[in-house]
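*Asks:* Before we start, here is the structure in question, set down as structure tokens.
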Amino acid sequence: MTVVALVPAAGQGTRLGLNRPKAFVELRGRALLSWAVDGLFESGAVDEVVVMVPTDMLSDARALVPSARVVVGGAERTDSVRAGLAVAGAHDLVLVHDAARPLTPPAMIGRVVQALRAGASAVIPVLPVADTVKQVDADGAVVATVDRARLRAVQTPQGFTTEALRAAYEAAPNELATDDAGLVERAGGTVLTVPGDPLAMKITTAFDLRVAQALAQEQS
Ligand code: CTP
Ligand code: MG
């Protein structure tokens, strides 16, 4: 079975607030995109990588990740994933992995692919939620305390049979989702979880970038 990894890298990084798209921000002198693509190949579990970037970053991206296919993404993350799916070669399995998760351990990527090879059609890496989570109303007043024991924070790469992911995207041509498994759930599919890893943290804010800098320093 062969595997293609789609890497959404077409976001602007508004919450990070630097002067360039997030995937091109550097961590210890290397763009986040480069970290993410290298990790995918290092896992040994991936045959092809397709990266989706903003239009004006096409040539920069091609220079940064020469081993990947680079195409233009879309306005929303789901549009970018669609753009990647449209050009990906014929593979049995698809991973979707945020460029914004530079320190994702290759072994974790391997766990996702292994679960797919064992027969799952959709697999997501998850972590337990450490903080108590409360639901609030529009004014910020607490409505309910959610049972933390049943909550999981979701990471990437998320893995799918190509058939399951294509079907989910085709079933919801206009829907937006913050993760790809969400579309598979809506299409009635079963999504399996495997253990994630704190190192697969997503860089969203300046604080996250500081944490990742420290972690990368420690690892080198
Ligand atoms: N992404 C994408 N296409 C979009 C939006 C997001 O490919 N239209 C990618 C981002 O580049 C990132 C991943 O999806 O690798 C996760 O999205 P997020 O963390 O929200 O990144 P941004 O959208 O860039 O950040 P922000 O929401 O703060 O602007
Ligand atoms: Mg975003």
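Glycine is no exception: its Cβ is also placed from the backbone N, Cα and C atoms.
OK, TrEMBL features for this one:
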- Arg15: site 'Transition state stabilizer' (SITE)
- Lys22: site 'Transition state stabilizer' (SITE)
- Arg148: site 'Positions MEP for the nucleophilic attack' (SITE)
- Lys202: site 'Positions MEP for the nucleophilic attack' (SITE)
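How about a rundown of where these features are and what they're close to?
*Replies:* In the three-state DSSP scheme, Arg15 (site 'Transition state stabilizer') falls into the coil class. Counting only same-chain residues six or more apart in sequence, the Cβ atoms lying under 8 angstroms from the Cβ of Arg15 (site 'Transition state stabilizer') belong to Thr204, Thr205.
In the three-state DSSP classification, Lys22 (site 'Transition state stabilizer') falls within a helix.
All protein chains included, Arg148 (site 'Positions MEP for the nucleophilic attack') registers 13 other Cβ atoms within 10 Å of its own Cβ.
If you take the C-beta of Lys202 (site 'Positions MEP for the nucleophilic attack') and look for same-chain residues 6 or more apart in sequence within under 8 angstroms, you find Asp98, Ala100, Arg101, Gln155, Thr156, Asp208.
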*Asks:* Looking only at Cβ atoms, how many others are within 10 Å of the one on Lys22 (site 'Transition state stabilizer')?
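*Replies:* The answer is 25.
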*Asks:* State the Cα to Cα distance, in Å, between Lys22 (site 'Transition state stabilizer') and Arg148 (site 'Positions MEP for the nucleophilic attack'), rounded to an integer.
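*Replies:* Counting only the Cα atoms, the answer is 31 Å.
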